[in-house]
Structures are given as C-alpha cells and as structure tokens.
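Feature annotation from Swiss-Prot assigns repeat 'ANK 1' to 70-95. Per Swiss-Prot, repeat 'ANK 2' is recorded for 96-126. Here Swiss-Prot flags 127-156 as repeat 'ANK 3'. Feature annotation from Swiss-Prot assigns repeat 'ANK 4' to 157-186.
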Amino acid sequence: MFDVLPVEIWIIILDYLKSDKYNLYLVNKQFLSISLMNKVCDNELIITTIKTTNILALKLLIDYYNQESILDYALYFSCGIGNVRIIKEMIPDNYIGTEKLIFAAIQNDQDSVIDFFASRGFDLRINNDYLLRLAAEMNSLKTAKYLVSKGANCQAYNNAPLQKASINGHFEMVKFLVENGASVAAKKSYAIKKAKLYGHNNIVEYLEAKLIEIVGEKIFLEYFKPKYS
C-alpha cells in the first residue's frame, strides 16, 4: 500500500487527515517512518500507540528519538488509562514505580496499576499514607477503598484524609473514611469547620450527627459546636 504513492503524496494525505493520521502512521513501519521526519516526537502519536497497545511502534519511537522524556510521558499516560501491559514492557525488572506514576493512576481510579506497582515493592503507605490523602482529595473512592484494604490508616497525618475530603465536598468519600476509622473530633472538629466554611452542608450535617453519636448531644453543644460556629 505504501509503495503505491510517493512519500510526498502520503505527507499531503496525512496532513489532510489531521488527528486521524496517527492511526495511519501505525499501519506499518513505512508509514511510521514518515512521522520520524519530525525532529520532535509528537505526543499524540505516543498516545495513539499506548491506546492501541502498539508496543513495537512505541519502542521504535523511544529508541529513535532517544529521549527519556518520551518514556516518562508514555509511562505516565499508561498509568492514567490503566494500560498495565505497556507499563510492563517499558520498565526494567527492578523498577518499583514512583509517586508521580501512582498519582496518575489515583487521579483516574486505575487501581490495577497501583496493584501492579505494589506487587513490585512500591510502599502504598509511603509518607504517612500520602496516597490515601491524595485519593481523598481527588475523590478517588475506588482507590481509597483499595488502599484501606491494603492497610492505609484513615487517621493518617492527623486525620488529613477526612479533612481533605470535607474541604472539597466529597460526601461519599467522607462517609467511607468515617466508617473506616477517621476521627470526626480530631483537631477540634476541623473537618466540620472546613466543610461549613466551604458550604458543604450535607457533610456538616453528617459529621455532626456522627459526633453526637460519639460524645452525646450535651457535650457536642457545649464543647464542639462553639469551636466552629
């Protein structure tokens, strides 16, 4: 197919195809070689190779341009969409992952990626359960449940996960954290104070009800309520 027309004509056709040209690039090595005429690797081409799990083309691009940034981008994007197969092919045997890659997975609820790096030795509880705090802030409930199932502490870093979820109005996340040990009373009911400050009334009502269950209405009204009213 490639030999039917001169390269110059194919270049015109590829320009005409716009974003669809990336699929044509990956038909075979001849078409891919046209993309290599560019001095800088096109990130959209990297994305297409990952989405189609075209490992051969991805390795060719990385080898040709010989830029570590391309591999970094490929790994980051793969973590974001959960393409564990690409990740396995791109990393050495002793590679256990980085917080940046886990962050990409958490942002997109890709627990299969997190599980993969955990199986290679990545510490999911690194830096006082930083990943759980991040999941709470990003409202990645699926990931939060996964991390807690692996031993993450909902009271980590002075109850930070609940505080971050409350500040950002993530009601289901707040409920999950409280049900799994987060302290409603920590730091003088800081989570309630912040939820109220940002207008998350459903969270305020829920946390107040939970606090009353723990300390009783009298103590709640006399001691806790004045702290944030």
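Think of each number as a place in line: the chain as shown, counted from 1.
Cβ coordinates are placed from backbone N, Cα and C, and glycine is handled just like the others.
Beyond the repeat 'ANK 1' (70-95), the same-chain residues lying 6 or more positions past its ends with a Cβ under 8 Å from any Cβ of the stretch are 41, 43, 46-47, 49-51, 53, 55, 58-59, 61-62, 101-102, 104-105, 107-108, 110, 112-113, 116, 120. Mean pLDDT of the predicted structure over the repeat 'ANK 1' (70-95): 96.
Counted with DSSP, the repeat 'ANK 3' (127-156) comes out as 22 helix, 0 strand, 8 coil. Per DSSP, the secondary structure of the repeat 'ANK 4' (157-186) breaks down as 21 helix, 0 strand, 9 coil.
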